[in-house]
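Q: Here it is, the structure in full.
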Amino acid sequence: SGLIGCSWAMVFAAGGFKVKLYDIAQQQLTSALENIRKQMKETEKSGFLKGALSAEQQLALISVCTDLKAAVEGATFIQECTPENLELKKKIFGQLDLIVGDSVILSSSTSCLLPSKLFTGLKHVKQCIVSHPVNPPYFVPLVEIVPHPETDPSTTERTYALMKKIGQSPVKLNREIEGFVLNRLQYAVISEAWRLVGEGVISPTDLDLVMSDGLGMRYAFIGPLETMHLNAEGVSNYCERYAEGMRLVLNTFGPVPEFSGETVQKVNQALSEKIPVVPKVLDARRKWRDECLTGLAKLKTQMKSD
């Protein structure tokens, strides 16, 4: 019932599903419900509440439980949201494996742990899958669906259909790979950003501006492959025109950075001047980010319906 768990609970409730939120501490669950209520009321007031139901109707769909067996009773889909710790996740899936039936889907929110490390050896491995959301899932709809080598294709299809039904944007990976897809793309951008700042080519502030007021504006609506397609007379033409130049630039990329030393200090100083590392300031900036994401999501929805 942490940040991701609460956000998932809101997403499923917005889709009209009954949700049982499980945690080992009652106080944690009480706080979670308070946070969910506050967020739902705020989003409803600002006109950004997801789903066809009112905030009160959605809140009525969410209950809490400190007993795992009682929590999963009657469930058709279980979304695990424990901290990113392999042994902890394996422990909870081991417990679930002993108490669930043969039709429920066991899904993990992990952002980097491979399904083969999480689920291998479980009796219900065919029902296991990774559904990796983007933080925060309530405002960013992408979900990466990653199967274990033994996951039944019907598990993948049912998970995909469920994510579509609750208004998320699922993508299916055909096989597991380190970092999945979102983080592989994200780390490629971070890696080159780090090198450019570290080599003194550009300041940290201006580097972020290249993305927020440049590439990011385009990528909010179309991906890198469609960008290639539209920036020439199709992808084939783009490759004919720009392949040589791309290879020349890519060959100048340096090794994977260590993410330590002077560059950390340089980036940290620049970002701390803009956003001081104070809980109140960081929370306010996160709230602003979420409001921006909500507005963008609403705009994209309107554009699709138009």
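Glycine too: its Cβ is placed from the backbone N, Cα and C atoms.
Sharing the record's features from TrEMBL:
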type: DOMAIN; residues: 1-174; note: domain '3-hydroxyacyl-CoA dehydrogenase NAD binding'
type: SITE; residues: H132; note: site 'Important for catalytic activity'
type: DOMAIN; residues: 179-245; note: domain '3-hydroxyacyl-CoA dehydrogenase C-terminal'
Q: Please list, for the domain '3-hydroxyacyl-CoA dehydrogenase C-terminal' (179-245), how many residues fall into helix, strand and coil according to DSSP.
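A: Taking the domain '3-hydroxyacyl-CoA dehydrogenase C-terminal' (179-245) as a whole: 51 helix, 0 strand, 16 coil.
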Q: When you measure from the Cβ of H132 (site 'Important for catalytic activity'), how many other Cβ atoms are you left with inside 10 Å?
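A: Around the Cβ of H132 (site 'Important for catalytic activity'), 23 other Cβ atoms lie within 10 Å.
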Q: Average the pLDDT scores across the domain '3-hydroxyacyl-CoA dehydrogenase NAD binding' (1-174) and report the rounded value.
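A: Here the predicted model's pLDDT, averaged over the domain '3-hydroxyacyl-CoA dehydrogenase NAD binding' (1-174), is 96.
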